[in-house]
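In what follows, a structure is listed as structure tokens, so that the remarks can point back to it.
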């Protein structure tokens, strides 16, 4: 291995901001490794981690409130560059004797940052034509900066929006450079980690793959690994990465539950078994799933039936694989963060063991999670580097229960057939018209109600298909995608004419909230 891709790293201390994961993603986009840890990480752990720089996130609290989160005071004496964002800047200011007060006028949303004094190394290229658009989200502000600090930027409503103490490599911004609404924020974070902290940018897809291959080989040795292959992005990239590392020691189990997209099972087999030489066991279990789901209309019970039966079948197949001692999962970094947060209210060490995927204890298999350090966009980049087809790597999210939660009410084989054909037409047209990559998630929904229609000289009484397409950054909130009327009409016409049993198509224009993205 040519270099240690974890040798240069940034520590992000989380004070509860909704944007903290975005900070980490921006640092990774600068090709620098970073980790999220809780704000109260102790000093010995920080020293052991060995960061080249520290970022203090924003947060919902006020620094002058009783019980407000703080860092260990000696953190600022470590000689490591620190960037405080929003709450992080206020915390640093207060620590050094500055004054933080409630803002006379709160700032939420777009603002214009104006330069004050010398910009210094971090802000040298941040201002263009004497200003820089930024995104604010704060109710407090720094009224008086500490000794040794100078003000670099201000706004109409806040006299102190950016500060620096160049001698001690301490910097603070009241705005959020990590969000898209701060156009030059990505550049500012890149400048901090590359120029201020001195990172050289070793965290690249090629280096990540090389490092992962070495680690997988060291972990697994000559033992066998089994992986539940779903056809989704995460399990597909995990399979390709592990296969590169250990070849035919990997055995994938692909369960076709009858609730997949059109020809998805064949596509998975072509990609992995035929083109890449991965050992894939295909289990055709459509009848078992349809029998188990018969008569069930409750969404949560459907999910449990599908999930439990998948585990049951996976265990049956795994028992037939001799000498398998490892179970591989496509766990990614946000899964680790959310799993830790649900248990403790804090993000935990990325290296700590979390059985995110719910491995049954009695299987007694060791867990292999080669993607657990990566965000979704990094997983996609690695998938492309490994040679996976672009449509597979960049396909929209697909729920674990598959079409089982896109068929409202009871699931029947004929309903699934209608839905997968309608969905395939919809997705095909989104690709053809150039909309697919602009949409975060798009899919068709089968409504188990019949409507009256007219075809030829006769009346019809057939099913309804709903089309859904949303735009979102984080899937926590989402807006409906404004598909042009002409494209809607063409898609509707194709579905009605080509899918037997459908005579009406509707378009879902609900946002999240109040609606969810999926219908069930």
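Yeah, the Cβs are placed from backbone N, Cα and C, and that goes for glycine too.
The domain 'Glutamine amidotransferase type-1' feature in Swiss-Prot is assigned to 9-202.
What Swiss-Prot lists as active site, nucleophile is 86. For residue 86 (active site, nucleophile), the count of additional Cβ atoms within 10 Å of its Cβ stands at 24 [all protein chains shown].
Around residue 176 (active site), taking its Cβ as the centre, 24 other Cβ atoms fall within 10 Å, counting all chains. Annotation comment: Swiss-Prot describes 176 (among others) as active site.
When Cβ atoms from all protein chains are considered, those within 10 Å of residue 178 (active site) total 27, not counting its own. The active site annotation in Swiss-Prot covers 178 (among others).
Within the model, the domain 'GMPS ATP-PPase' (203-395) shows a mean pLDDT value of 86, rounded to a whole number. The annotation domain 'GMPS ATP-PPase' is assigned in Swiss-Prot to 203-395.
Around the Cβ of residue 233 (ATP binding site), a 10 Å sphere holds 23 further Cβ atoms from the protein chains shown. Taken from Swiss-Prot, the feature ATP binding site applies to 230, 231, 232, 233, 234, 235, 236.
A separation of roughly 25 Å, to the nearest angstrom, links the Cα atoms of residue 178 (active site) and residue 233 (ATP binding site). Proximity to residue 86 (active site, nucleophile), defined by a C-alpha to C-alpha distance within 10 angstroms, is shown by the following recorded positions from 176, 233, 234: 176. Recorded residues residue 232 (ATP binding site) and residue 176 (active site) have their alpha carbons 33 Å apart, per Cα-Cα distance.
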